[in-house]
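Annotated in TrEMBL:
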| type | residues | note |
| --- | --- | --- |
| DOMAIN | 12-126 | domain 'Tetrahydrofolate dehydrogenase/cyclohydrolase catalytic' |
| DOMAIN | 145-285 | domain 'Tetrahydrofolate dehydrogenase/cyclohydrolase NAD(P)-binding' |
| BINDING | GLY171, ARG172, SER173, ILE237 | NADP(+) binding site |
Amino acid sequence: MTATTPISATLIDGKAFAADLRARIATQVRSMKDNGITPGLAVVLVGEDPASQVYVKSKGRMTREVGMNSYEHRLPAETSQDDLLALIGRLNDDPDVNGILVQLPLPPHMDEAAVINAIDPAKDVDGFHILNVGRLATGQKAMVPCTPLGCLMLLRDRLGSLSGKNALVIGRSNIVGKPMAQLLLRDSATVTVAHSRTANLPDLCRQADIVVAAVGRANFVQGDWIKPGATVIDVGINRGDDGLVGDVDFDAAARVAGAITPVPGGVGPMTIACLLANTLTATARANGLPDPQGLTP
Ligand code: NAD
């Protein structure tokens, strides 16, 4: 493939998919409100990390846009872990709060795992609580991490059944790579998880019908690693001189792949939409209602 080869891949428009998902969520929120239930999402931000502030602001805006209540708790960076745990305890006990999200990263004096595991698992809309991790891994009803859930929705929309497909997940983080692998397994794909010590990554990639890249290195996955016709999901968000770029060399990969997500406008918008989906699911479960259609794996 050369730079003159035309781009042949279908663009997977995560922005449009996420907008449609939010509209469907808003419809379901309206019908819940007709029955006297308003879903509520509490977001806790400790410190002044600029990227986290941007995320929290857009999470609050989109929460309100779909008709849910948004509760923001901004705490100074020097807040003690005990004070944060006390706040989480109050949110756990508050019947108006259906979802709790503690924005990561936390300041270095805090034990992230201890904080996450203090959240009521039923309100853990990020799906990071150890119980939800275990439930996902054992095929039980869980709260599923938002970014991999968004990737799964895009893959199912594009491919229908994932059964028997060779899937390669590049990255083994707790928030993306590992839960992504679990979700793909659950859909009966044959899953390989690659990471920084993996040998022969390009060869593994050339066998994959599905590639999910979650590495955090700009343009890392090369076009000639992609199997012709493969579906490529680029989770990476890397800030460079030219703005945001993904983990996949988009221009080269889009000449070989069957379908590919752009960065920005691919997986990114799905993450917040899935956070709202999880909040709706948590609200339904808290009120003894069936899981909302199409929002859970
Ligand atoms: P992480 O740093 O926790 O994990 C990166 C993973 O990449 C590790 O498991 C590591 O083993 C693997 N890796 C590193 N070098 C490698 C190499 N040479 N070959 C193969 N694997 C290698 O990152 P993360 O939190 O999983 O995030 C990954 C990327 O996804 C980042 O760019 C992040 O900004 C982005 N992200 C995007 C969203 C979204 O909403 N779109 C959400 C979360 C993360």
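Cβ coordinates come from backbone N, Cα and C, glycine included.
Remember, TrEMBL labels are computer predictions, not curated facts.
TrEMBL feature annotations superimposed on the structure.
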residue : record               : Cβ contacts under 8 Å, 6 or more apart
GLY171  : NADP(+) binding site : GLY177, ALA194, HIS195, VAL212, ALA213, ALA214, VAL215, GLY216, VAL235
ARG172  : NADP(+) binding site : LYS178, ALA181, VAL193, ALA194, HIS195
SER173  : NADP(+) binding site : ALA214
ILE237  : NADP(+) binding site : LEU244, GLY246, VAL263, PRO264, GLY268
For this session: List the helix, strand and coil residue totals of the domain 'Tetrahydrofolate dehydrogenase/cyclohydrolase catalytic' (12-126) as derived from DSSP.
Result: 58 helix, 19 strand, 38 coil
For this session: Compute all pairwise C-alpha distances among GLY171, ARG172, SER173, ILE237, the residues listed as binding NADP(+), and give the largest one in whole angstrom.
Result: 16
For this session: Can you check how the pLDDT averages out over the domain 'Tetrahydrofolate dehydrogenase/cyclohydrolase catalytic' (12-126)?
Result: 97
Problem set entry | Helix, strand and coil counts within the domain 'Tetrahydrofolate dehydrogenase/cyclohydrolase NAD(P)-binding' (145-285) (DSSP) | 56 helix, 28 strand, 57 coil
